[in-house]
Amino acid sequence: MSVVTNTTTIGAIEAPSRRNTELALLAFAVAIPVFAYLNVGLALDGKVPTGMLGYGLGLGLLAGVAHLVVRKFARYADPLLLPLATLLNGLGLVLIWRLDQSPRLIRLAELSFGVFSPSATKQLMYSALGIALFAAVLMLLKDHRILQRYTYISMAVALFLLILPMFFPARNGAKIWVSIAGFNVQPGEFAKIIIAIFFSGYLMVKRDALALASRRFMGLYLPRGRDLGPILGIWALSILILVFETDLGTSLLFFGLFVVMLYVATERTSWIVFGLLMSVGGAVGVATFEPHVQARVNAWQDPFSCYATDGACQQIGDALLSFGSGGTLGTGLGQGNSDLIGFAANADFILTTVGEELGLAGTMAFLLLYGLIVERGVRTALAARDPFGKLLAIGLSSAFAIQVFVVAGGVMGLIPLTGMTMPFVAAGGSSVLANWALIGILIRISDTARRPAPAPAPSPDAEMTQVVRP
Amino acid sequence: MSELTLTVMRLGFLAVLWLFVIVAVQVIRSDLFGTRVTQRGSRRNADARPQQARQTPAPPQQRQQQQQGGRQRRGAPTKLVVSEGSLTGTTVALQGQTITLGRAHDSTIVLDDDYASSRHARIYPDRDGQWIVEDLGSTNGTYLDRTRLTAPTPIALGAPIRIGKTVIELRK
């Protein structure tokens, strides 16, 4: 068998890196927002918008830089994640720019702040910073398993970030902001990534105890009392966030993320049942005595009964009217009246502009784009070879999915509205930065997962070859 | 701006948006349906099919090699056909790539044959495009026609190569 060692490399198949596929898709993903920009400009002013070339070049440059970084530092990464994120970011920029042109919103801003400042330029700057952060993640994080070393540090950091907004004044009824030197940061957006790192590291170590030490009762595996500790702790934390920061979205995101990761790590359905019961119990409990949350629930139940009296009801009602007037194919970009929502039209409520101007068809396409990002994340988790990477990929993609669900569901009236941003699309620096970092980590994990394995040890076959007897 | 232009642009934008979604799904098609297996031989061995499914002949590599390999000579074999054994009817397109045969899972053709070694033989083109078969120190040897191979040997078109219970040949 001495010859065998010489021949092990013959059959090695080089896995396609698919970077050229990514580049082609990326070019497509830059072209669509430019088309949308042209569309808005023609609809609003009847002429080609002046900033189109600069905007297209800017977005193209950002996408090109991101692509080169991926090509250099994550050769085998998933080909879809970057184009999908770029497309959503680009379309978000167009939608924000379109709302900047609205005379109603300009007047509203002048009334409330005295001066109107366009959000699109700020958003473009944040997108550039986001892509820089994305590149930095890929360059500095050579291996996602390094993050495992910081399991408990990330827990502390996440707790710190979550508690921090409590000490700052509430803005628009929710304490999710930190104001430092004129910049408003939403630490919750970054905390979702950091807490996913903590959950992955923690569950990787504790999964066996959580999965196996349990009693069977009525078809469910009941965990031991002491193993319930962490889930109770996280639940208590999310309730505390809900009570003190009146931020239903963040609290739902963290608890949901924990339950999903617990289920993935242990394969026990009982965790899902417990999680749902606990979150429903907690939400109902808080909603009974917290007026801010209560107002949101009332607005969700029947927005048109309190439409004229309550601001929250009016927002939801306007959002529903907006979706309704969009119909199946929409009114066309730049031709809707979604700016009637006024406050937060380009942030939490940006999906209503999609719903009105692109209709059901456009909204579905948007949701599918988000769905594809989540699918690629889950696929990465399936392909990852190490348990930490698996859990982290699942955690990040489900955090993304839950966020999309919470905000889209809230705007569409499926669940009570909570203050969260539509990833990549809504105006907001923290959200764009955090989500680019999230995509960066997913790309890093998928690069490690899809990288061809080192050649197997010679002769892996257990059976020996039979010898032909002459 | 005329109403018509705006309507066309509105519908056009939706179409382009959906086109992107569809293209993106096409890119990940292989996740959903697995890799595409190249053509199979005759329908005789319909019941032997499930076994054949395991030896997917690595399409990505072939495609790459096809671009690099350049033009083939006239009269050169274009495919390798398994004519006897459990994989009868399987064909592999010859596009300038090395074909490895054996029981090892990373072989181009995975032989489900107790008499084959894990890395039994390889078939590759030399610089002139002539296909060569080489025995890789197998236990039971590789036979071209009736002679046991001792050195890399050029393969004539249609000459049977026997490995264990499997017989393969090159065809045009």
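Yeah, the Cβs are placed from backbone N, Cα and C, and that goes for glycine too.
Caution: TrEMBL annotation is automatic and unverified by curators.
Going by TrEMBL, these are the annotated features:
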type: TRANSMEM; residues: A:23-40; note: transmembrane segment
type: TRANSMEM; residues: A:52-69; note: transmembrane segment
type: TRANSMEM; residues: A:81-99; note: transmembrane segment
type: TRANSMEM; residues: A:124-141; note: transmembrane segment
type: TRANSMEM; residues: A:150-168; note: transmembrane segment
type: TRANSMEM; residues: A:188-205; note: transmembrane segment
type: TRANSMEM; residues: A:226-244; note: transmembrane segment
type: TRANSMEM; residues: A:250-266; note: transmembrane segment
type: TRANSMEM; residues: A:271-289; note: transmembrane segment
type: TRANSMEM; residues: A:358-378; note: transmembrane segment
type: TRANSMEM; residues: A:390-415; note: transmembrane segment
type: TRANSMEM; residues: A:421-443; note: transmembrane segment
type: REGION; residues: A:450-470; note: region 'Disordered'
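The transmembrane segment (A:23-40) makes contact with the transmembrane segment (A:81-99): 3 or more of their CB pairs lie within 8 A, with pairs spaced 6 or more apart in sequence. Taking residue pairs at least 6 apart in sequence, the transmembrane segment (A:358-378) and the transmembrane segment (A:124-141) share fewer than three C-beta contacts under 8 angstroms.
Among residues of the same chain six or more beyond the transmembrane segment (A:52-69), those with a C-beta under 8 A of the stretch's C-beta atoms are 19, 22-23, 26, 29-30, 33-34, 37-38, 41, 82, 86, 89-90, 93, 97, 124, 127-128, 131, 134-135, 138-139. Counting Cβ pairs under 8 Å to the transmembrane segment (A:81-99), the top-ranked stretch among A:250-266, A:271-289, A:358-378, A:390-415, A:421-443 is A:421-443. Here the transmembrane segment (A:390-415) sits apart from the transmembrane segment (A:271-289); fewer than 3 CB pairs are under 8 Å, leaving out pairs fewer than 6 apart in sequence. Outside the transmembrane segment (A:250-266) by six or more residues, the chain places 162, 176, 188, 191-192, 195-196, 199-200, 203-204, 207, 210-211, 231, 234-235, 237-239, 241-242, 272, 274-276, 278-279, 282-283, 381, 390-391, 394-395, 398-399, 402-403, 406, 418, 420 with a CB less than 8 A from a CB of the stretch.
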